[in-house]
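Features of the protein shown, as given by Swiss-Prot:
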type	residues	note
SIGNAL	1-22	signal peptide
DISULFID	30-51	disulfide bond
DISULFID	36-56	disulfide bond
DISULFID	40-58	disulfide bond
SITE	50	site 'Basic residue of the functional dyad'
SITE	59	site 'Aromatic residue of the functional dyad'
């Protein structure tokens, strides 16, 4: 049981680290996620962006 819990904690830690690397913060202000699509396409080459707290976040 202890080996499984160590494995689970390691998996969780690695997942959080990988996900944080995939997110790119930009200083562009927005009111909705649709405003971030063209901006993120210029940065990452993909139209994957989200408006969080009136700032655009792009994803790789």
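A Cβ is built for glycine as well, from the same backbone N, Cα and C atoms used for every other residue.
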Checklist outcome for this item: Quick note, residue 40 (disulfide bond) and residue 59 (site 'Aromatic residue of the functional dyad'): C-alpha atoms separated, nearest Å, by 8
Checklist entry - Within 10 Å of residue 59 (site 'Aromatic residue of the functional dyad'), Cα to Cα, which of the recorded positions 30, 36, 50, 51 are there? => result 50
Item to check | Cβ packing number for residue 30 (disulfide bond), 10 Å threshold | outcome: 20
Checklist outcome for this item: Per DSSP (helix/strand/coil reduction), residue 59 (site 'Aromatic residue of the functional dyad') sits in strand
Checklist outcome for this item: Cβ proximity for residue 58 (disulfide bond), under 8 A, sequence spacing 6+, ordered by residue number, returns 23, 24, 26, 36, 39, 40, 43, 44, 46, 48, 49
